[in-house]
Amino acid sequence: MADRAALEEAVRLQGERVRGLKLQKAGAELIEEEVSKLLKLKAELGSDEGKQKFVLKTPKGTRDYSPRQMAVREKVFDVIISCFKRHGAEVIDTPVFELKETLTGKYGEDSKLIYDLKDQGGELLALRYDLTVPFARYLAMNKLTNIKRYHIAKVYRRDNPAMTRGRYREFYQCDFDIAGQFDPMIPDAECLKIICEILSALQLGDFLIKVNDRRILDGMFNVCGVPDSKFRTICSSVDKLDKMSWEDVKNEMVEEKGLASEVADLIGAYVKQHGGVSLVEQLLQDPKLSQNKLALEGLGDLKLLFEYLTLFGITEKITFDLSLARGLDYYTGVIYEAVLLQTPTRQGEEPLGVGSVAAGGRYDGLVGMFDPKGRKVPCVGLSIGVERIFSIVEQRMEASEEKVRTTETQVLVAAAQKKLLEERLKLVAELWDRGIKVDIRKENLVEEIRRRTSQYPPHLLN
Amino acid sequence: MQRLGPLSREAWATLTLQLLRPPCAGASLLSPRVLGGLVQPPAREFAEARLKIQLESDKEKSNFVIKTPKGTRDLNPQQMAIREKILNAVIRCFKCHGAKGLDTPVFELKEVLTEKYGENSRLIYDLKDQGGELLALRYDLTVPFARYLAMNKIKKMKRYHIGKVWRRENPSINQGRYREFCQCDFDIAGQFDPMIPDAECLKIIYEILNTLQLGDFLIKVNDRRILDGMFAVCGVPENKFRFVCSSVDKLGKMSWKDVREEMVGKMGLASEVADCIGDYIQQHGGGSLVEQLLQDPKLSQNKLALEGLRDLKLLFEYLTLFGITEKIIFDLSLARGLDYYTGVIYEAVLLQAPTRQGEEPLGVGSVAAGGRYDDLVGMFDPKGRKVPCVGLSIGVERIFSIVEQRMEATEKIQMTETQVLVAAAQKNFLKERMKLIAELWDAGIKAEMLYKKDPSFLSQLHYCEETGIPLVAIIGERELKDGVIKLRSVASREEVDIKRENIVTEIQRRTCES
């Protein structure tokens, strides 16, 4: 028994060592070595014969949805789906896992966050990381050249969950995408219109949608003198401007990523700018940027976009923000991110955190990566970050002390005496057959009345 | 800017660097600057690199097959439309009976699923050990439910759960059997007076199968205690109970002769024992069979069998009150696979598997099943506290297949709910179309427009016909001047001018009426 205890302790220590290395972002080889040591120790520990294990938890980073949370979720999805349908989208679904090869090479550094399935002798599989890559695979597989679809489903990322901020390892995404070759910026404008409609309908308070363009970013880096090899890493530094101050971001770029100080300053002058269509006009006149072909393309498209957004009546919610540099690798054109301006908090709790509630962009190269002939299908889309919205709506409901009707029970059939059971069953069956919702209880009347008032069923049949 | 085709960024980078011999003029320009798939390489080396890469990429592509994993499939909009209808009907029934919705994660800790499924455990999808907890995809929705109850110390709950589950079985497309499939579960947990919740479960199965209009069906009912009691009185050694049980379960697919052969030949059961079992399990009937067996000289001596028979008798009384007994049959050969049932068990089968002309029947199979499982929650509770449960699962995948097969090939469902297409017959009306459509969306009207600046009128009409949009809102020079919108009915081709300020109400009126 002492050996076993020692072994368990060794497993625990080794597990901590591995976690520590991962946090420090140590070299991949070192981590692998320590992980295999851990696996060996675990194997030695072996199976526990006969001992009952009472593991009463969901896996790390996941949670059950209680009936109350399901009611919130249903409400939120209803709003979102009705908006997607209003815009003429069809719906599809894909399997929860894909062939590992389908997901490989699509997520850049984030690939290490993918959940793999165990090799059990068949195909190598992995849980989907988002709904966009499966969509691209679906288009290529079915040789579709245009479709407007929405997809609401859970995705999986082995992130470090920060559950107070509504960040989990298993979470819902609500995606809407338009695939196909169309006249420029019209579908892109529709996506922004949809985000506005949804966020307004959900009544989450005031919000703002930041817009930028991958080509403007890359053009800007180019004219500032960022070496090509550093583009992506500088991009991810710039992306942190919404969480860190410019001084800290500049420090990261110069000290950690080896960027020349003057180059950083030039970037700084640009990325601090944000505004409406007038900023687009201004930059089109910018002496440096206007020499860069890529930036010009991006600025030209943004100008057109703003025209359409004006026609859609949503420009007061849109801001052109040069510091928007979203994480994923596959965006090729316009990118956008919606943030709530006032994160509601409960008494004494940390604010829900700065963070987006919706985001998206154009990604013209993704489908071609799947097609055997490399045929391109341009795509633009958006993803609503519902988990954060669930938290907000749930908090808001609690705050207003609104009772969520978790059942739609309309009638409580009361029985004053036990002998009335038979009659009650018959009556209940009749009501069910007529589609009236009924809940049988067998406790006494007083109890029932008390319960009824706490559940607010519309009337009591006596 | 040249496109080099869909090679991954890393691959392009590696190949480029391999092709170029240092020192080379402008070497710093050669590290690829990738912009989401677009690459800007220098001129001369480009031609060489391009050829080499195309050869490499062709080879790479021929190895890469795009498909969904074995036993899984995408659901296209048509299939989703069918599913939505069916699931809505199921949910409506569950809610009608006062159940609350619940959802659990797609995977559980491996230990939660261990030792719950008997021999079927080998069919569980494990997740790779990536240094964290050991996980596995859920095999059903019942074990997660038991875990939820124990975890939250809940003693009473009536819940429904609709979600996918995963089993590494041999998939069979024409039997509607996949490795990833949807289950609709309804369960009642808690200590109540006997058989009332059990009767409600059967009532629910009845209601759902009726509503879905799948044709005639039957619900077979049996009880684990009757089975075990029967094995005991027939002389089956206790250690062979579960094996004999799974043989008996095959009576639905195999003949009694073959099942008997398996029991005697493979399991070494004595001939008389097998025959004794045979006499019982070939019986089925209504409440009268229960009465008959209560008088059976052997069975009535067995405490367990008596318990089961008495509960079934009570159950039949309640089913009579619920008015559903003509669909219920007490069938002694029903011996469902899962290990955790402790009392009544039931399985609903369609009596006539509907077929298309010349095709094989969809195959015998259940469309719903369930039973009582009183010990499962206790397995999760550290103090072993029991929470008795009874429930049912609707086999929606099989129902989806049946409904899909039934739909005529030419039958068109409109896969969107769009009510009106915003169109223009003339050029340069993009702005007007956009303003109008924003107005319609803001009023909650389901509207679309083509993503073209100047689409032809014909292509716009064609789009409506293809996708089933019933109305077209047309704007043009004359309409602008007169302050109207021309509203056209796609079906009747009738057109009428509606005042601009009335367009929303007019469209709403028409879509309500249809």
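In case you wondered, yes, glycine gets a Cβ from its N, Cα and C as well.
Record note: TrEMBL gives A:Asp130, A:Leu131, A:Thr132, A:Gln173, A:Asp177, A:Arg326, A:Tyr330, A:Tyr331 as L-histidine-binding, and the candidate from A:Arg157, A:Arg158, A:Arg167 in that site is A:Arg157. In the three-state DSSP scheme, A:Tyr331 (L-histidine binding site) falls into the coil class. Of all the Cβ atoms in the protein chains shown, 25 others lie within 10 Å of the Cβ of A:Tyr331 (L-histidine binding site).
For the L-histidine site listed in the record, the two most distant Cα atoms among A:Asp130, A:Leu131, A:Thr132, A:Arg157, A:Gln173, A:Asp177, A:Arg326, A:Tyr330, A:Tyr331 lie 21 Å apart. Proximity to chain B (CB-CB distance below 8 Å) holds for A:Tyr331 among the binding-site residues A:Asp130, A:Thr132, A:Gln173, A:Arg326, A:Tyr331. Within 10 Å of its Cβ, the residue among the binding-site residues A:Thr132, A:Gln173 with the fewest other Cβ atoms is A:Gln173. Annotation for A:Asp130 (L-histidine binding site): spatial neighbours A:Val155, A:Gln173, A:Asp175, A:Ser383, criterion Cβ-Cβ under 8 Å with sequence separation of six or more.
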